[in-house]
Structures are given as structure tokens and as C-alpha cells.
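Inspection log for the structure reproduced underneath, given as C-alpha cells.
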Amino acid sequence: FATIIRNLFTRCLFISTQVPVARYTMSTVPTDDQSTIKRPRNEKCYAIFEKLGSPKYGVAPMVDASELPFRMLCRKYGATMAWTPMFHSRLFAEQKKYREKIFTTCPEDRPLAVQFCANDPAILLQAAKLVEDQCDAIDINLGCPQHIARRGNYGAFLGEQWDIVKSLIEVLVQNIKIPVFCKIRILDTHERTIEYAKMIEAAGCSLLTVHGRTKEQKGHNQGVANLEWIRDIKNALSIPVLSNGNIRTYEEAQEALRITQADGVMAACGLLVNPALFSGLEIAPCDIALEYLDFSRKYPVEYHMVRAHLYKYLNNLFRVHTDLRDALHKARGIEDCQKIVEELRARVESSTKEQIQEEIDGAISAHKEKRKKEKETCAVAPEEPGANIDSLF
């Protein structure tokens, strides 16, 4: 019954705006033979982009990671726009507790895009309406490659369901008062990727972020992002395009801008390790961690997020100071974390950068050697002398 009501609601939306839903397939999307020749820009979309300050450096949407204190820390060090974590549109629309738990912002947290995953236009619209007065754009997640996205039929797994993607964009564009952005991954072929991006633009998207990897490129099979394809998408569209992927340092951000000729870049994992990435400054990890703790006090979030960020910032130092890593694992609150980070800073502040790096390199080498021996031990059959039976299970 609920599905029937949602479908009727969606149909009414289309009728009220007198815009029929065209059926899009990969072969029917309008395209040029010279799809990668740069097109004139869409002045309306660029006016929106300029109103936001022409943001060049974006904080990517990251589940349990791009929360308010992290966004504010990144803004302090050069980020010019930020995206919330991906929110589940149905849960956000239906559950007040979910909304209150997962979404926090403040007046200084702008420009801000709120990102949703969805496959139902009516539900996506309900969710978007709840936040359109608290952000500058709604971003549709069309790039999540994880198994949960496959199971829920959203994210990158909508890349073969263009009707749904088109409907999601059109319903929002026609019924909310702020712009609609999208974030995608590249598809299997260059031609299909260009056509997909053009379809998204034609549906009303005002800004497109392109992650230069396919949905299969994840985890240990991540590989390198294809910046050349992002450049071709940028040339094929008339709306602002952001490049995502291969950005771990300030220098790599500049290189991505040079190669893709995009209007800006978006970073994810690089910022998790170094929130000051976009500034080009070298901030000591312990100092970054203490600043993040200050923001976490000012803008409280769930504690597991706080601790996860500290592990990222301090990972290399923890390779040497393993006792403090274990202490952080047992910590029960921000004040416990504060003491651990201060102790870690006291240990390393008398050492030079070179000495610290030498200790880290030594710890990494020792860990690799240990892992090598463990693998050799595991290869021994259990019945042979010296076999480590526990490691086989």
C-alpha cells in the first residue's frame, strides 16, 4: 500500500509541473560525435557556483567521517565547501531520531551540501524538504560502490538505471528551492560515461562531482583514478565539474586541477589523514588531533567518530608508540583522548622530523617482517612440528 501511495505522489509531482518523464537509455541520450570538445558554460549554473564562492576545495561526503567538527576543522585549513555524510533518504524522511543523531550543522558550516542516497523520487523529496533551509544544495549519491548500496539499489548501482536517476534529479529540481548536485563514478566505457554525465546535466543537475574510478575499484582493488576521463567529462558538459580521486597531498590537488581542468577538487581519504591538506601547510599530527578534539567539544558528535578520526591522524606515530594506541582503544571519552594525545606530543616534540620518520619507517619494516614470518608459519601443515595451529583458524 505504501509503495502505491509513493508512486501516486511521484506521478502527481510530474503532472503538477507538466514535465513528462522521458524514458532514457544509453542509446537515446543526445550526444555529439565530438563529445569531448569543450562546450559553452551554462551561465545559470555558474551563477549558482559563484554565489557559493566558486568553491575550489571540497570535503567529500564520508559515512561516519565528514561530520560537523571534521568539516569545521577542514574549513579552517582551506576547504571552501563541504558535504555531509551520505544520509539514507527513507530513514531521514521517516525517523526524527535518525535525523537528530546524524545531521548537525551551524551558521559557519557553509557552503554546505547535504547528500542523500535514494531510488525513490518521492521519498528523496521528503528528505530534501527537511533540510533545504539548512544547506546550500542537495547532493544525490550516485557513486557509493559498497555492498550495502547494491543491496539497497542506490549509489553507483543506479549507473545502469538511467530512468531512476533522471527522475530523482527532475523531481528535486522541480520542487525544492536550492540547487541539485550529483556525485558519480565513471562507468565501464568512456562513451557511456560521457553520455551518463550528459543525461544527468540535461535532467537539471547544477554541479557534478566525478570520482574517476569504477564501482569495482574499491578496497584493495582501488587502483588509480582516471583523471583524463574526468577532463573529458568537464569538456563535454556546460555545468561546473569537480574532480575526485588521487588527492592525498596539496601538490596532488593542484595536479588534478591541471589535468582535469575541473572547477574544483574534492578529497576524502587524504583529508582523513591530514585535514590541513588544502592549506599546503605541514601541521604536526598531534596538533591537528588536539584541534579536532576542541571542535568536537564545541560541536558534539558520537564518540566512535571522534576516536576513529584520532586513529587516522595519529596512525604513523602509533606504529612506534603502541602503548598509547592501546590506551586510545580503551579510552571512554574526549578527556581521556586529550590526555593520550598530550602524552604522545610530549614524547615526540623533542625529536626532529627526520628522527620521527626514521622511527616510523623502522616500525613499519618490523611489522612487515613480522607479517612475513606469520604467513610462513601459517603455510606449515598443522601436523608438522612448529606449526602455529591457532593462526590457521
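The chain as shown is numbered from 1 upward.
Cβ atoms are placed via backbone N, Cα and C, with glycine included.
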From the ranges 30-57, 366-393, grab the one TrEMBL calls region 'Disordered'.
-> 366-393
Just report the maximum Cα pair distance in Å for the recorded FMN binders P61, M62, V63, Q115, K183, H211, no decimals.
-> 16
Which residues, sitting 6 or more apart from K183 (FMN binding site) on the same chain, put a CB under 8 Å from its CB?
-> P61, W83, Q115, D139, I140, N141, L142, G143, L208, T209, V210, H211, N244
Determine, for the FMN site, the additional residues of the same chain whose CB lies within 8 Å of the mean position of the CB atoms of P61, M62, V63, Q115, K183, H211; present them in sequence order.
-> A60, S66, W83, P85, M86, D139, N141, G143, C144, A268
In whole Å, note down how far the CA of C144 (active site, proton donor) lies from the CA of V63 (FMN binding site).
-> 10
Quick note, C144 (active site, proton donor): same-chain residues at least 6 apart with CB under 8 Å of its CB -> M86, C117, Y154, G155, A156
Across every protein chain in view, the count of C-beta atoms other than its own within 10 A of the C-beta of M62 (FMN binding site) is 18
